[in-house]
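A.B. asks: Questions regarding the structure given below will be posed in turn.
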Amino acid sequence: MGQHEIPVLETRKVLSKHLHAKILPHCQSSGLANTITSRIAEKFSDKEIISLLENDSALAEIVNSLMSNASVIKQALGERLFVAVAKLNSELCAQITGMLLELDVETLESLLTNSTKLEAAGVCMDDCKLPEKPEDLGEVVYKSVLQHHPDPKLAAQLTGMLLELDFNQLQNLTQNSEQLKAKVTMATEEQQKLSSFVKNVHQALRLRAQKIGADEAWKEHCSDETTLREYAVAMERLASKFWKENAKDENKSAQCRIEWVVEKCLHYFFGEQLINCRIKEKERMKKLKEEDINNEFVEGNKNECLKLLDVGSCYNPFKNYPFLHVIPIDISPATSDVHFCDFLSLNIIDSDEKSDILEKLSSQTPIVELPSNSFDVVVFSLLLEYLPSPKQRYLCISKAYKLLKPEGILFIITPDSKHASANAPIMKSWRIMLAQMGFTRVYYEKLPHVHCMAFRKGIYPQVSQHWASIELTKQKCDIFMDEMCCTSLKILIKLCRRMRVNL
């Protein structure tokens, strides 16, 4: 480089300054002059720019051409605008930039030279943004609901209800805070009313059981068609409109219990969990027997649907999963595809007597009997706490054991809003009681409002029963240390010992 040669970058900078000075008189604002200067500097070489600086008419022609090309101007502004908006809102910068580009060029130039104005415009665009598709409106409604109810879980539930409204009506609500507040209040009141009704039914059944006995109270309850019908409607509404929103929580703070069951079914039956459980059980049985176990296991066909008995189904929530053949039953079906059945009165027949009974079931057919060893899965979702006595709950579990195929799974989901360890002794009692029957727990998860458990029906009941006997020995010592927390355990153990002969 010669002593008097100007660096390339310095040359471009100087030429751009001269070019801007020449262009400015042709433009309405310095911002537009900056945009056109940038466009010319991008397209022309230094030699060509020098030539334009010496030819005013040629430069004016190019400037006028660019000024008449709105798309060119908007494109140039858009690039600068995107960078500026990204500094203020990196998550929504593309959407906000696109909306701002609908403004006129002069306004955009003003925003680019004033960061305060740009930030205010970006916030306004973000708040006023209304999706054109119904499926995109949920987030907007959720944000609006949060302004009235800051609890994220409640806001999600209320949003789920509001999304049932007409799309145009929803758009209007997001722009009218008073109307939205009124709708939110109505939704809140409905949820509280439904929840209170369900709790009152449970409480009334328990009080009645104390007066006339659990069995008589249950018969009386099953004959009250009005209450049962109202209960079915309330549960279907709560489950499908409120609780369903819990599944959208990314942190699984209130994951949908239905999806939890489906997820574990896939993991157990179509993954490696079933085989792993089988191997462990066989090894433990060898240790107990001190001899080889030569049983041949019958492999299931992984292409077949899993037979699932949903007890207390209400509205058949598992119906949309193609790998499940669902038999939904309830004492008061909320939908026509759920069979009427009082599970406590269900007769369990030998599987060889009526092997085709499941295939012959038609819609709305009441179920009074089912064959043993016929189901891969039995689900008790929020069922056992409905029953007023421990004896009835135990009877339900023993029926599930008989209905399940060997290596089948019983899902028990029971409500509890306390933290995970608050009722740990009770959860341990569940595990011991079911182990004495021949069940082994394979999955457990404490979600904020429910305990989710899955128990495997073993091929060798002796294995789980041996484990239970060891745990019972430990528990005897603990009972004297903390009698309060072990009360439920003692009740379940007594029931188990008393009724075990009937298995």
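Cβ atoms are placed via backbone N, Cα and C, with glycine included.
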A.B. asks: What range among 163-190, 275-302 does TrEMBL describe as coiled coil?
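C.D. replies: Based on what TrEMBL states, coiled coil spans 163-190.
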A.B. asks: List the residues of the same chain that sit at least 6 positions away from D330 (S-adenosyl-L-methionine binding site) in sequence and have their Cβ under 8 Å from its Cβ, in sequence order, or write 'none'.
C.D. replies: A232, V311, G312, S313, C314, V338, H339, F340, C341
A.B. asks: Can you count the other CB atoms that lie within 10 A of the CB of G312 (S-adenosyl-L-methionine binding site)?
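C.D. replies: Taking every protein chain into account, the count is 22.
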